């Protein structure tokens, strides 16, 4: 038995203790290092063993595992932290959805909803609800197109469609924007006349061109997010002001049963009548505005650019200088930006449309149904203003006129922005923003002034209703390319990696000659010939699933059938 000696404590402590080492038979091999050490009862190590044994016996018991409440509290804090982060991120996306929502509460909605309420009371609320569901779905597709491809709807039509199809679509889009802007001009002029009767309708139409131009000076997405958010918050303030006005209006309405109102959201047999079909098409055209689809696909790109810039996903090869010169033209977002931004953009849009646009359109129809149904008065903007002022209080008419003014101003702003996107995207017709807005407004103001001077308030009301039906007729032609593009993987392919400039598919920046010769169509052909980029890291296909595409086709068919039926009924009425 061998022993090992413990050296004396250099500090003068305990003496050296000899401890035996018991080796097994295998210890004879020189490479074996496994030994078991036991105390020697014959030595003076016994007191040390007893001391160690006493310490072990008197040591406190091991600490129990943490109670479950601590784990639960930690998990709760983690969930709250994630929720807070989500809310803060969502708040950064507030703005574009409200700009789109403005298109759904413009003066054209007032005209069609008032006509529907005065004729059928609350029975056409179902059409209002259905139109808003269609609007949310189509606007979500619009956001997806702009987010995934980096192109707004007008740019996508120019890039992916032959010229002989793109040009008619452009003309229809311009016609829809002019019809929409006519409604904004007329609504603003009527609101000014209702608030200040000394200003005639003709002067009100002329004044409507100035307020929009002054406000649109703020809109410059290429100059940074701070100015853009200021502009968006201003538009949000206008939307909230309209909502507040109609909350006050609904509070003033008396003698209306809540159950009767909610039954209006259920389909009824009156919907198949000729007049109801005409008014339903007007509501559909006033709610699902064609220009809002172009707007929704274009206003999302500033957030994508902000994300890529913050995450360092923008190429550092001179594209920053290109961005300073041309804004976001030619910018293709990264896959990370797309995945991060699209869910927030769609959620913000759905919230804005469902909580504000649906509420305002329903409130207009409910107020009209309660005030005008069965009354021998003119079912127009002037008629409901006069009736509210007489039957409730003068302040009720004033609140209605203020809501109409806020709607006209805000809708005119987004309409001119959409007009600029359409002309630049479809034809590369580039001009200074204020000039483009001046041209759009000028085209709309001239016929409005002529109508106001020639036939007065009756003509303006007829022009309002007619413009909304015209928008409904144009709608199938505008929505068909949107459903087609987002349902095809060949247009919804994204290559992982950095953000890009100059080309959508494949992301390469072509030379000047190649850019002019082939454009985006040529890059698409080269991209598909290479196997969709599979040889360079692969792509992510983000086209709609079959059921989403199927629902989109169903929505398109419903809109088309309603318009065909409306035109047939109008033709029969004219023949009779």
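Even glycines carry a Cβ here, placed using N, Cα and C.
Note that TrEMBL annotation is computational and uncurated.
Of the listed segments 17-40, 41-64, 233-256, TrEMBL assigns transmembrane segment to 233-256. As stated in TrEMBL, the feature region 'Disordered' covers range 1-44 out of the listed 1-44, 89-132.
Taking Cβ pairs closer than 8 Å, the transmembrane segment (349-372) reaches residues 96-98, 100-101, 104-105, 109-110, 113-118, 120-122, 124-125, 128-129, 131-132, 135-136, 139-140, 143, 239, 242-243, 246-247, 249-250, 253, 255-256, 261, 283, 287, 296, 379, 383-384, 387-388, 391, 400 in its own chain, all 6 or more past its ends. The transmembrane segment (169-195) and the transmembrane segment (462-485) are in contact, since at least 3 Cβ pairs between them lie under 8 Å (pairs 6 or more apart in sequence).
With respect to Cβ pairs under 8 Å, the transmembrane segment (392-417) is most closely packed against 233-256, considering the stretches 87-105, 125-148, 233-256, 462-485, 546-570. Taking pairs at least six residues apart, the transmembrane segment (462-485) and the transmembrane segment (125-148) share three or more Cβ pairs below 8 Å and count as touching. Counting Cβ pairs under 8 Å that are 6 or more residues apart, the transmembrane segment (87-105) and the transmembrane segment (546-570) reach fewer than 3 and are not in contact. If one looks beyond the transmembrane segment (233-256) by at least 6 residues along the same chain, the residues whose Cβ comes under 8 Å of a Cβ in the stretch are 94-95, 98-99, 101-102, 105, 215, 218, 352, 356, 359-360, 363-364, 366-367, 370-371, 388, 392-393, 396, 399-400, 402-403, 406-407, 409-410, 413-414.
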